[in-house]
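J.: Structure provided below as structure tokens; questions to follow.
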């Protein structure tokens, strides 16, 4: 103490010993050229394992002090400690000056210890030659927990945004990549790397997008830290063992890394992507206008020629001349006397309703649950027990009241959408704010190799790609509105075809489907603001509703009088969403949850099957099990006979087998992605019912017109393409953030959109075509009397 510093030379190893009364001070001087950034790295080593008396190293610079001890101690789980006797640190470089000549710099390294005995050490100070990273040039290096690395990068003049790509051949050890502003000290140890800047964990791959506007100095540090344990990256969790065995010395955790900094996309690419997104789906509007115009010309030509127009392309008859319609020749589906199938319809048809001037806005009529079919005319239970049912048997209620009943679907889903979307938007804004403030990019599971920020949003491309759902949902609403208006005009003209021919026109469910498609786009965009395990249900909630509404619409087509009310349907969807939330919380490892859910799934399938098979006449109450056992005993054991409704029985048997298979699969494998598991159940049931409906339609000698046939083919093709991109997994919140980044891939469309964005585009188009299939599927029946249209 009190002696002069020892002049030091770069690249020379100094060996010595220190104790409580003897310390060493080394002085290293060097010159920096104007505008040049020089970095110095200090390597130290001590053979001492005495944790009570470590060797202390203090480095003094012109504007800062950096200190550490050897052995250097890292702490892990369960009070584990990892001690390292070799440490190397990069000193924070001084700011470059703009003088004309070189500037002199000096560094002091103090070596001391409070030990009452000598402790040996080694010291090496070197100047780094490759401290500044270059654009589009890969740089390889190694790092370890006690020997972190960081480098400098300066933005070129013509680059506003860059992507830092880091790769490694080894999964472990777990590492952290951080981007920090040019501020000293640099946080480059495991316990402080999260204190500043933006960071993300890494196994084999990492990518961080950095914008010039976020760094006023137009430069930043890229810091690489190796963690002492791997549990944060999905590795094994160390066990808790009491005693000194929790102390580990000089664990070899060296990792080879390669970093490449490449320019990101320019602002012009953002504009091109926006134009592409909107123009792609506005072309659907243009196509719809062309189809409507061509159809209008055809109708006008037929009207001017005085010919009958059997169908105007919108499901509405344009001729008021009565015709005699019958089933196509050769049809034998349910052939029984017309008089028996039409029941008491000769008395008075409630379909015609009261005079036009009567009041039909009564809330009692609109929301009533009682059966409006006059019991004096015919008993509904007698009609619905016939072996062969026709549409006239199940469309006997007052058209106005039934139509209002289905409009409740539309108004209720708007209310649900508002109350569901507002807290979702608030929550994801909070998520994004937390990411921006803390810099923790492990919160959100983006495809970081194709995540283009805009404003406060980290992945604007994933949000923009959902515009198709909103645009096509609104277009579908316009198409339904056109059909609704034409139908109302025909009703005002008392067109006989709109009253007694074809499928009853109730548009409430179609409106609800359009709103659901738009809300799916909104909520999917909200989910992709910060995709993670907790908010994935936002992306799937309206998918459940879309699948459920499609099944309800398909069933309503030939069962308009006995379909579920809006309140029952939405209550069922609420139960499903509640189960999805419980699955997110408890579905990971809790076997009891899967047992309860599988039982609910199987019982719900059986209850719904009885309702469908018996056309709503099988009451669901406490006595359902006793009645079910009686039916099984009388029909299957006492007298095994052919089912009365064979087609329905085949559908329900297949449907129950599919649902039971799902239940067994869930019970055995317990998939972590519970929301997608439920969605798969809905989609499989919808596809099964749609296939059954089309098969029965063709079996009944009904035909498919060109427009629905085109929509069916387009739906199949687009869904196939969409599912291909859907299964190109780019991230997975079922794994740790570091493991998820191993699946990240570059953009594939316009340099802006990735595979999942293409899935968004194609799935929006596929859903739109699917809706058109349901809208136009039975347009061929507009010239067929309802007492000739079979029910299945």
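Using N, Cα and C of the backbone, Cβ positions are placed for all residues, glycine too.
Keep in mind it's a predicted model, so treat the numbers as computed, not measured.
The feature compositional bias 'Polar residues' is assigned by TrEMBL to 316-330. What TrEMBL records for 339-349 is compositional bias 'Low complexity'. TrEMBL lists 362-371 with the feature compositional bias 'Acidic residues'. Residues or ranges marked as region 'Disordered' in TrEMBL: 307-371. The transmembrane segment annotation in TrEMBL covers 273-297, 409-429, 463-481, 509-530, 536-555, 567-586, 592-616, 649-668, 674-695, 707-727, 758-777.
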J.: Cβ under 8 Å, sequence separation of at least 6 from the ends of the transmembrane segment (536-555): give me the contacting residues as numbers and ranges.
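T.: The answer is 409, 413, 420, 424, 428, 509-510, 512-513, 516-517, 519-520, 523-524, 526-528, 563-564, 569, 572-573, 576-577, 580-581, 584, 612, 673, 675-676, 678-679, 682-683, 685-686, 689-690, 693, 733, 767, 770-771, 774.
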J.: In the same chain, who gets a Cβ under 8 Å from the transmembrane segment (649-668) while lying at least 6 residues past its ends?
T.: 594-595, 597-598, 601-602, 605-606, 609, 612-613, 643, 677, 680-681, 684-685, 688-689, 692
J.: Would you kindly check 567-586, 592-616, 674-695, 758-777 and say which stretch has the most C-beta pairs under 8 angstroms to the transmembrane segment (409-429)?
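T.: Out of the listed stretches, 567-586 contacts the transmembrane segment (409-429) most.
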J.: Restricting to the same chain and to residues at least six past its boundaries, which positions have a Cβ under 8 Å from a Cβ of the transmembrane segment (592-616)?
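T.: Residues packing against the transmembrane segment (592-616) from afar: 384, 389, 394, 555, 559, 562, 579, 582-583, 586, 624, 628, 645, 648-649, 652, 655-656, 659-660, 662-664, 666-667, 670, 681.
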J.: Quick one: do the transmembrane segment (567-586) and the transmembrane segment (463-481) have at least 3 Cβ pairs under 8 Å, skipping pairs fewer than 6 apart in sequence?
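T.: No, these stretches are not in contact.
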J.: Which residues of the chain, 6 or more past the ends of the transmembrane segment (758-777), have a CB below 8 A from one of its CBs?
T.: 277, 280-281, 284, 315, 462, 465-466, 468-469, 471-473, 475-476, 479-480, 483, 510, 513-514, 517, 520-521, 524, 546, 550, 553-554, 557, 690, 693-694, 697, 704-705, 707-708, 711-712, 714-715, 718-719, 721-722, 725-726, 728, 748-749
J.: Residue list, the transmembrane segment (674-695) vs rest of chain: Cβ under 8 Å, 6 or more residues beyond ends.
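T.: Tertiary neighbours of the transmembrane segment (674-695) are 536-537, 539-540, 543-544, 547-548, 550-551, 554-555, 557, 576, 579-580, 583-584, 587, 601, 651, 654-655, 658-659, 662, 666, 704, 712, 773, 777, 792.
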